[in-house]
Amino acid sequence: DVIDLRLCNWVSRRADQGPKTIEQIHKEAKIEEQEEQRKVQQLMTKEKRRPGVQRVDEGGWNTVQGAKNSRVLDPSKFLKITKPTIDEKIQLVPKAQLGSWGKGSSGGAKASESAPSGSPSATPLEFDSRRALTSRGSMGREKSDKPIPAGTARPNTFLRGSSKDLLDNQSQEEQRREMLETVKQLTGGLDAERASTEADRSKTRELAKSEMCAVPAPDKPALSEEEVERKSKSIIDEFLHINDFKEATQCIEELSAQGPLHVFVKVGVEFTLERSQITRDHMGHLLYQLVQSEKLSKQDFFKGFSETLELADDMAIDIPHIWLYLAELVTPMLKGGGISMRELIVEFSKPLLPVGRAGVLLSEILHLLCRQMSHKKVGALWREADLSWKDFLPEGEDVHHFLLEQKLDFTESEGPCSSEALSKKELSAEELSQRLEKLIMEEKADDERIFDWVEANLDESQMSSPTFLRALMTAVCKAAIIADCSTFRVDTAVIKQRVPILLKYLDSDTEKELQALYALQASIVKLDQPANLLRMFFDCLYDEEVISEDAFYKWESSKDPAEQAGKGVALKSVTAFFTWLREAEEESEDN
C-alpha cells in the first residue's frame, strides 16, 4: 500500500469515507443535478447539429450542416469544370446471380466481352452491388471469374446514362426501390445462413454437454489436516448458533469423505472447553449422535480427545475446572449408551494414569451422571462395567479414603446411600406430597438427593403414576411462588433449577405433561387464581421446554369432569398465551 501511495505521488486511491454533513450531501446532490442537466443539453445540441440536414439557400444551393471543418464552396468555380467524355453504354450492375452476394465484397469486375463493332471501345465495369450498398465486412473471400456480358443485365439492373437521366427523379426512385429490394433478399439469405449455423453450433454444444454428463464426476480431493480443521471450526460455530443437529450431521458426513474426523472431535473439544456449560452439553450430544448413527467411529472419538487429555494436567493451571468441563462433554455419551462405561473410562484413563489424574476425571463424570440419573443407577452401571478403583488411582493411595472424600462410596455398596431411605411401600398421595415438599421446599435438597430418595422409595410403576407426577409438580410450583402482600409472582430461577428433575420423570410424554398441568391448575385454584400467575408459569415451562405445545393444546381442549374446577377462569387468564402460541406456529410453518 505504501509503495502504491508513493507511485501515486502520495495521493490516496480511496477518498476519505468518513461521515458527511447534511450540507455536503445537499451540495453533492446539487452537483449531480447540474451534471445531468449539462448532459441533456449536450444531447439536444448534437441532435440539432447532426449531419444530413439540408437547407436550400437563396441561390438555390443545398447546404449540408453538421460536418466539421466543412468548406464553403464557390459556385463560380464549377464553371471551369469540363464534362468528360462518358460512354453512355457503361453499365453499373450488381451480380447477375443473386446467390453470389453472399460471397463478400470481392466480387469486382474481372473481364468483359468486347464492345460491339462501330461503338467506341470500352470495358464494362462490373461492381459488387453489396460493396456499393453497404460497408459491412465480407462473409467470404471468393471471387467470381466469370465475365458478365454487358447486354445480359437482370431486371433490377440500373443504367447510368447522361446527366439528364441521372437528374430524372422518377428514374432515381425506381433505382432506389430496386436496390433496397436486392438488399432485403441478401439480408434474408444471410439471416437464414446465420440461423442454420447457429443451429449447428447449438447441436454441437448439446452433444458436448451430453458427453460431459456421461463422464463421471471425479471424487473430491482429500483435504489436509489444516483444511479439515478450518472446515470443522465453521461447522461447529454454525451448529452452536442454530443448534441444528440434522444440518450438522450432514456437513460432517460430507467432511468425512475428505479428511479424518478425529480432527473434528479435537476442534470440538478445544472450541467448547472454555465456553458455557450449555455449549459443552450441545457438543457432547452432537458427538453422541454421530457415534450412535455410526457417522463417527469410536477410534476417531477417542483419538480426538487424546491430545487434550495428555495436556489436561498442564492446562489445569489456567483452567482450574478443566476436569468438570471434560466430564460435561463426555457424559451425554455415557447417558445415551453410545459407548459402554468400561470402554470409555479405560480409554480416557490411559493418558491420565502417568500423571495420577484419572481418578479426578472419573469422579466428575460419575457425579454428573448422578445429577441426571440417580446414585443407585450410576453405582449399578459402575459395577456392571466390572471396574475397580485401584486401576485408576495412583499407587499407594487409599481407595476407601478417596471414595469417602469424593462421595463415591455408592459405587462400592449396593444399598442406598441416602439417610432418608425408607422401605419401599405404597405411599398415599398425601404422604408423597408431604415428603417431596419437605425435600424441595424446606430442605432445598439438590437433584442428586431427590433422585436417591425417589429410587429408594418408589418402583418403576410408581414413578410413572399420576399421583407421583402431580405431587412432584405441585411441590416444584409451590417452591417457585413468591407472595408480595396481595400479589404473586413466579421465581423462574427455582423452575430452572428443577428442570432436570421434571424432564427426567415427565420423560417428554404428553400424557405425563398433561398430569403436571392439571396439578398446576389445582395449585392456582387453591390460591384463588391470582392475576397472571398461571400465565407466568406457562411462559416459564414453555421456555424451558418442560411442557410441549401438544400438552398445552390438550389441556386447553380437555373436557375431563374431574379437572373442571376453575378451568374456565384459568383458560381466560391464558388466552393471550395460546394466541401467541398459534401465531408463532403459523409463522414457523410459513418460514
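Positions of Cβ are set from backbone N, Cα and C atoms, glycine also.
As annotated in TrEMBL, coiled coil covers the listed stretch 422-449 rather than the other ranges in 226-253, 394-421, 422-449.
Of the listed segments 13-40, 41-68, TrEMBL assigns region 'Disordered' to 41-68.
Taken together, the residues in the domain 'MI' (227-349) have a mean pLDDT of 88 on the 0 to 100 scale.
Note on the domain 'MI' (227-349): DSSP counts are 97 helix, 0 strand, 26 coil.
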